[in-house]
Amino acid sequence: MKITESYGSEDRWVEDGTCLEKELCLPVDLIRTGNKQDSNETGPILLARHDKIKVSEATEERETMKHSEPYFSDSKQQKQQTLAEVVTVSTTKGVFHQLLLTSAVLLLAAACGMPIGYSAVLLPQLYDANETLAIDIEMGSWIASVHSLATPIGSFASGPIMDRWGRRPALLLAIVPLFSGWVLLATASSHFLLLLGRVVAGFSVGLIAAPAQILLAEIAEPRLRGLLIGAPFVSYSLGILLVYALGSQFHWREVAWGGTVLPLLSFVALFFAPESPVWLARNDQPERASKALTWLRGCPTQAKQELHKLTERFEEERQQNNGRPQRFWKSLGEIAIIKPLIIINAFHVLQILSGTYLVVFYAVDIISDLGGSDINSIQAAVLTAIVRLAFTFLYCFLLLMMPRRLMVTLSGLGSGLSCVAIAAFMYIRAGEPKTQSDTYIAAVLILIYIGANTGFMTMPGIMIGELLPAKIRGQIAGYLFTIFNLLLFGVAKGFPYAKAALKTQGLFLMFGVASFGASLLLYLLLPETKGRTLHDIEDYFQQRNWFWMNRKRAPEGPTSGGEEGRPLAVSE
């Protein structure tokens, strides 16, 4: 069903900025002046008339323009006209609703972080000979690693599920095995049930990752999208820290029962949340999509305009395929999909090789090698979790204030330089007696590295949510997370062998080279997506250029607001 009725933004504004539909007014501070090209770049726009008219005349004109097709003509005079551009498309109420839905996802993200850190709580207690389910080293390794083996299976299944039934139902469905996994762990009477609980929980974490990122990307307005997509990583780190804190005070069974609380809360919160309007619009449910957009934007007129764009784009895709949905494998051959897939997968490889997760997994062993002192494993785990949480929180706000490309480039450079410093320290201290000061220096360098490299942790979810086209975003996201988790498991499993061959200093040289490589890759290929609509990003990847610096630039207006919000490229 194609929605043809749209209301031009110019129908609602007069010279003094008075809104004819007062309940739909946006705050004045959300409007900035730009030229015609600037205003055309982000979709919905509010126009300020410079010819003085009466409210009654505006109302009459509104009726005549109500069903008009374009908002603008291509006349030279209008191209030179100064227009008002909306920086954000939501009212204060709409922003609150977006944050409310994000909070529900954050509860679920924290619930996913808890199973990751649970092995650090579970294994030390099970190694106690007095424990009824005491384990040996072999069983401990299986309990720790089986979660990571199950996660890719869940990721693989998440794509078809959320594309068939929707993003929100996929999350609700994924919460069930997460809750069940904790119950199995809390009531386990054998090692088999312990392993089964870890498998079920790992499967659920894989199911949740892609739908959560896609849902946030599709409900967020451009200006808030980076913050909202990045926020789950803060919550994820908080979940790891929470399970560490619980494990330091309670028995592992009590911790498992505590793990059921967040899944229950997130299920209730998401049950009352709206579905992604993008999914609804692309599945012939315009009425539900309109209601969802109105709730998320706080403005019925803006919701109608945004829905019109979503439906129009979907109809264009159908017409290109003779009214039939395009096949998944055929879509993979399009240049607009090949480009983001290459960027995302290449970054995944370099990110893993830069040690983002390896240092988290093996922090105690690495600091011990560097400093040579015995370190309490729980203290080291808690310290790394706190540092990771603090820097993830910081990077979320940097995503709101800084361009994506600048942030990730600086993160990679900081990560690479700290790795080189660690390797140099190791070479200098090679063969020398290890002292207490060596431990402190090593710990500081590791923490600096974790802080700088945390910027890499936020990027995969952001790139999957922003770079992939809507028609394939749901299907391919699950497969990308599957590949990522398999790569991570393989590299983590081979880490001890690489460490034996390269030594710790050689590993950090590898981390440094991969960090520099990731920065170079994203500097050359990653488009600047901050403040751009998902439609604009899709259109950019239709261009012929591969390198960001070779894009066709939009002409600067006399009162342009700068880089944010400008078109990524100009069509020929």
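Using the three backbone atoms N, Cα and C, a Cβ is placed for every residue, glycine included.
Nobody curates TrEMBL annotations by hand; they come from automatic prediction.
Copied over from TrEMBL:
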- 99-121: transmembrane segment (TRANSMEM)
- 99-530: domain 'Major facilitator superfamily (MFS) profile' (DOMAIN)
- 141-158: transmembrane segment (TRANSMEM)
- 170-189: transmembrane segment (TRANSMEM)
- 195-216: transmembrane segment (TRANSMEM)
- 228-249: transmembrane segment (TRANSMEM)
- 255-273: transmembrane segment (TRANSMEM)
- 336-360: transmembrane segment (TRANSMEM)
- 380-400: transmembrane segment (TRANSMEM)
- 407-428: transmembrane segment (TRANSMEM)
- 440-464: transmembrane segment (TRANSMEM)
- 476-495: transmembrane segment (TRANSMEM)
- 507-526: transmembrane segment (TRANSMEM)
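Across the candidate stretches 141-158, 228-249, 255-273, 336-360, 380-400, the maximum count of CB pairs under 8 A to the transmembrane segment (170-189) is reached by 255-273. Proximity of the transmembrane segment (99-121) to the transmembrane segment (407-428) is not established, fewer than 3 Cβ-Cβ distances being under 8 Å for residue pairs spaced 6 or more apart. Under the criterion of 3 or more C-beta pairs below 8 Å, with sequence separation of 6 or more, the transmembrane segment (336-360) and the transmembrane segment (195-216) do not qualify as touching, having fewer than 3 such pairs. For the transmembrane segment (195-216), the list of distant contacts is 101-102, 105, 108-109, 112, 115-116, 118-119, 142-143, 146-159, 161-162, 167-168, 170-171, 173-178, 180-185, 188, 225, 228-229, 231-232, 256, 276, 461, 464-465, 473-474, 477-478, 480-482, 485: same-chain residues at least six beyond its ends, Cβ to Cβ under 8 Å. Residues 115-116, 119, 122-123, 126, 135, 170, 174, 194-195, 198-211, 477-479, 481-482, 484-486, 488-489, 492-493 of the same chain, all 6+ positions outside the transmembrane segment (141-158), place their C-beta atoms under 8 angstroms from a C-beta of that stretch. Note on the domain 'Major facilitator superfamily (MFS) profile' (99-530): mean pLDDT across this stretch is 84. Simply put, out of 228-249, 476-495, 507-526, 507-526 has the most Cβ pairs sitting under 8 Å from the transmembrane segment (407-428). Where the transmembrane segment (380-400) meets the stretches 228-249, 440-464, 476-495, the count of C-beta pairs under 8 angstroms peaks at 228-249.
Long-range neighbours of the transmembrane segment (440-464) within the same chain, counting only residues 6 or more positions beyond its ends whose Cβ lies under 8 Å from a Cβ of the stretch, are 209-210, 213-214, 217, 226, 229-230, 232-233, 340, 343-344, 347-348, 351, 354-356, 359-360, 363, 366-367, 370-371, 383-384, 387-388, 390-392, 395-396, 398-399, 404, 407-408, 410-412, 414-415, 417-419, 421-422, 425, 473, 477, 480-481, 484, 511, 515, 518, 522, 526.
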